[in-house]
Amino acid sequence: MSPPPPPPIWRQLSFSLLLGSFCIALESAAQGNSATDALNILLIIVDDLRPSLGCYGDKLVRSPNIDQLASHSVLFQNAFAQQAVCAPSRVSFLTGRRPDTTRLYDFNSYWRVHSGNFSTIPQYFKENGYVTMSVGKVFHPGISSNHSDDYPYSWSFPPYHPSSEKYENTKTCKGQDGKLHANLLCPVDVADVPEGTLPDKQSTEEAIRLLEKMKTSASPFFLAVGYHKPHIPFRYPKEFQKLYPLENITLAPDPHVPDSLPPVAYNPWMDIREREDVQALNISVPYGPIPEDFQRKIRQSYFASVSYLDTQVGHVLSALDDLRLAHNTIIAFTSDHGWALGEHGEWAKYSNFDVATRVPLMLYVPGRTAPLPAAGQKLFPYRDPFDPASDWMDAGRHTEDLVELVSLFPTLAGLAGLPVPPRCPIPSFHVELCREGQNLQKHLQLHDLEEEPDLFGNPRELIAYSQYPRPADFPQWNSDKPSLNDIKVMGYSIRTVDYRYTVWVGFDPSEFLANFSDIHAGELYFVDSDPLQDHNVYNDSQHGGLLHSLRP
């Protein structure tokens, strides 16, 4: 028996937006290269990284190596994940399908079994002659990737996981009492932790080893490197804390729960509450708040984790340069979703707000996004975040256009010279190779307008979609990560250059169906007048015309 069709939300909402001149239809095809001039791919995926980076205008965070990459890339200022939680987001952008197609909203199913035998980005490159390799956290481990990181479909070799991963959530954090705890805040002396190393350090070492191996390979490579930090716990070398004195750390600009926020939209950050140092604060559920001094410490450790991550990225990029691979390797850098640092009185991800769904995204294409270096010069020399001289960086190319992570699949294929997978039909459960995202090559302006006019469109017509499930209309213990069978409400969200519109509707998990006549709550925020999304005007009568045009 064929599976039931997916919820019609995106088809219906897109149709409504088309009538209002908000929707764009883009198709593209790419000419294939011969094997001799094929470009390699380095895909760097970070866990829980919001765009708190120097290259995104953050004046506090020290990220000189990522900033350097951005200076040679096209940087997307407005890139959004399709669901702000690890496994669903990664499966979505690695297959090029939205969560309503993968049917993964939690961590407990494998898309090839429960939805469709969908091809992945690395699988497509593997089938086109690439050696595909995975280091660290690329797919989310466990059931959602078949306890194998989708090997052997996606990878030429079994994926590498650092041996020290198993200590991430154990009692390795030294408290003020001198004992070891499983804390949220966990700056460590690396020499004192089990194995004397950390997972991201091991991933960097393995990535460099593989690059050295591929230097002499006759085949092009696709290397995906997944970093853990700044995912909690904030377990990082303690010296990075010195970059962020507490007296320089401010609270979020909007640290309180907005009065107009529907309860269903709030995430009660239960994973943070489980940590021993947070438990000791005896914070009320669901809204808190966390004491202000501890809020500053959380933000300090998040930023310190980002700078630690930056050094690891810097070592990999420097090695790529030293091996003379930077001239023929496309680099894509992104995150699976963002992370709230106290905005709206929320922490972690698990929502449809920009702070949870907006991600960094940059694409480096050798000789096209930036000139190739002269002989003897390096594109990516390692930059020390502790060196003030590392702060200065040339500005790269930026685009303000709204884009989605689900567009990575067609974009990387096109940039590498492979045929761009066709757009998915509706439904597409029976189609192994297709994509629901756009080809972002148009934003890189690497094409001749006369040859491929359909690659270009009005930036104001672009839209980013995201969604998040809830088990109830009010925050409860499993609101952040409900299992499929517990989902009762789905929040579907549209982000345009002008507004974010979210509608929370009834959802039947047994049929994977949303009921758009059963509206539980709504949100409407105007970007220009309310960039932090604190003033929900969904119930204001003056916006009734806009809401009527948006409702399916």
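Any Cβ shown, glycine's included, is placed from N, Cα and C.
Predicted, not measured: the structure shown is a model, and the values here were computed from it.
Disulfide pairing as given by Swiss-Prot: among Cys186, Cys424, Cys434 connects to Cys424. Within the set Cys86, Cys186, the cysteine that Swiss-Prot bonds to Cys173 via a disulfide is Cys186. Surrounding the centroid of the Cβ atoms of Asp47, Asp48, Cys86, Asp336, His337, where the record places Ca(2+), the chain contributes additional residues within 8 Å, namely Val46, Leu49, Ala84, Val85, Ser89, Arg90, His231, Ser335, Trp339, Lys349. Of the candidate recorded positions, Asp48, Cys86, His140, Asp336, the one lying closest to Asn248 (N-linked glycosylation site) when CA atoms are compared is Asp48. Cys186 (disulfide bond) falls within a strand when secondary structure is assigned with DSSP. Under a cutoff of 8 A between CB atoms, and with a sequence separation of 6+ in the same chain, the neighbours of Cys173 (disulfide bond) are Leu180, His181, Ala182, Asn183, Leu185, Cys186, Val188, Pro233, Arg235, Asp277. Shown are the recorded positions His140, His337; the one with the most C-beta atoms within 10 angstroms of its own C-beta is His337.
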